[in-house]
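Participant: Pasting a structure here, questions to come.
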Amino acid sequence: MDNKRLKIALTKGRVEKQVVPLLEAANINCDQIRNKKRRLIFDSETQPLEFILAKGPDVTTFLERGAADIGIVGSDILTEHQSSQYELLDLGIGKCQFVLASTQDFDPKAPKRKIIGTKYPLITKRYFDSLGQDVEIIKIEGSVELAPLTGLADAIVDITETGTTIRENNLKIFDYLDKVSTRLVVNRMSLKQHPDEIFSFVDQIKQVVDKKGKTISK
Amino acid sequence: MNNNLLPLGTRDEFGSRAVNKQHIISVIEHSFSDRGFAKISTPLLEKKTVFEPYKLGNYQLYSLLDQEGDTIMLRPDMTLPIARFLSSTNISLPQKFWYVGDIFRISRQLSGSYNELTQAGIELVGYSSIKAEFECLILINQLSQKLLTDPIEIELGIADLTTVILKDLTDDTELQEEIAQALYDKQIPKYERLIDRFSNQPEYQFLLKWPRMFGKPERIFAQLAEDDLSPEIEQRISELKQVVNWIQTTLPDQAVSIDLSSRAPQQYYTGLTFKGFSKAGSGYLFSGGRYDKLLANFQDMTESAVGMGINIDLLTDLIERKPTVQKKLLYFKPDQWQAAEKVLQQNPNSILSLSDNLDDARKEAQQLRAELVDLTEGEFIG
């Protein structure tokens, strides 16, 4: 058996903060990530693992190009970037939902071609396609809530965890779209090339996820 | 706008990459010719209708209009044009063809993928015998040994196995399709949700382990022995076992695995599928299988066929750069051409310098990392 070191691309920021305790519960040493300072790549001295910290969309690019074997990233990004890699595990964290939101006076049934602001043009297009509506989509990189408030768009499609940001900006939710959570994704070729190492890593984490799920459902 | 920029997803090839790629093509060409395959070349452009059976992955196709307003395409595949060729001519079958050429697929922008890819391959048309599949497997084994230092693994599958299993499970065709997609893409959370409705059925244990049913044949066959399979599935597994046995007997050093949860490379595949990959590559180097209904897209009659594509670009990425013998650069005056030509013929590692003077020839030699031989100084004895 070869000594394959698995390269794991982890979405930095909120996902990273939620995933690190999960990895530690699965006996994966994350001291280097906890003490990372400004470093973005960590070659574990105790395990055959290498961690890469990257932005969510870049995690999908690393995976697509085979620069990482495993990615940990939100399902929103996987869908938007049309990831074609294997999605082996729902980590049950980072749970939120896509919503259609706007100012109180927005009329979803108004007979007009709506203008929708979003960070997720593909998901937005698919949603309105399913309703049989053609809309104008404006890609916005952040603070999407500003779009209807400033008159840039009629409404937004965005993800929300609790709806607090939406409410605090005096916006109202008009529809609920797909649910989102953090997923463990594996490069297709890597799984064929190193199945034992990858399944061992995945199963280690799955045990923790299953246990956590059972605790929550009790 | 700059006029020297390449379109996205394309590249120039020169230097060692171009040399290595040509070397691979040359090795493949000799192997195919030695085994009696006939070369076939089809145009880069085809009518859009030729590619109707072609299933797009995560990419789009280049299309344009011809003078009559018909949509034509830059070919994304080499097999369908050959099927078109066969259906429009009276070529007697069986035939063994080989090809090499470029195919075009538009990948996601700025993803690091290329849209122009070089592919070689074979099409064995009119052969219903399993010997056609064996010929492909032998070629995968021989070509990988000739071209690569790392061993490759041959992965076998059955094109319609998923369809047969899911038809046994449910009559709901939409559900069959959803489960198949989730299985092929190993979207496990979705797959587990979809199969949950069968948790009280005897097939459930098989469904649970199905996404992981790939790898060493002995392990997968042992797992299958625990399940009560329909005669139709049993028959396919039995045929697969025969192929595994044949490889293990005929090519004892060849690593072989099976995958019972993968999608056939294209929807026109009907029987055994096979792929070859190395531990290092970022994709499959070889991919093929049986497609007995291919010609049915172009004519009433079906025809037995087995084919295989070879990813030349991926092989080029993997090929070890051969240590190059230092070249001799021959500098000479125009009136010494005959003498220079004689030295060139006698010394295979020499090349002619077309520089006008010795200083330029020195620079040329430096650039080529070659040893400069000045023939103006007298006769060269190599």
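The backbone N, Cα and C atoms fix where each Cβ goes, glycine too.
Automatic, uncurated: that is what TrEMBL annotation is.
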Participant: Under TrEMBL, the annotation coiled coil belongs to which of these stretches: B:43-70, B:239-266, B:267-294, B:351-378?
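Facilitator: Matching range for coiled coil: B:351-378.
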Participant: Can you match one of B:Arg105, B:Arg236 to the L-histidine site that TrEMBL gives for B:Asp77, B:Met78, B:Thr79, B:Gln119, B:Glu123, B:Tyr268, B:Tyr269?
Facilitator: B:Arg105
Participant: Determine the Cβ neighbour count for B:Thr79 (L-histidine binding site): the number of other Cβ atoms within 10 Å of its Cβ.
Facilitator: 24
Participant: Ten-angstrom check, please: count other Cβ atoms within 10 Å of the Cβ of B:Arg105 (L-histidine binding site), all chains counted.
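Facilitator: Neighbour count, Cβ to Cβ under the 10 Å cut-off: 21.
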Participant: Take the domain 'Aminoacyl-transfer RNA synthetases class-II family profile' (B:24-334) and average the pLDDT across it for me.
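Facilitator: A mean pLDDT of 92 is what the model gives the domain 'Aminoacyl-transfer RNA synthetases class-II family profile' (B:24-334).
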Participant: Please list residues from the chain of B:Tyr269 (L-histidine binding site) whose Cβ is under 8 angstroms from its Cβ, counting only those at least six apart in sequence.
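Facilitator: Non-local contacts for B:Tyr269 (L-histidine binding site): B:Ala159, B:Gly289, B:Arg290, B:Tyr291.
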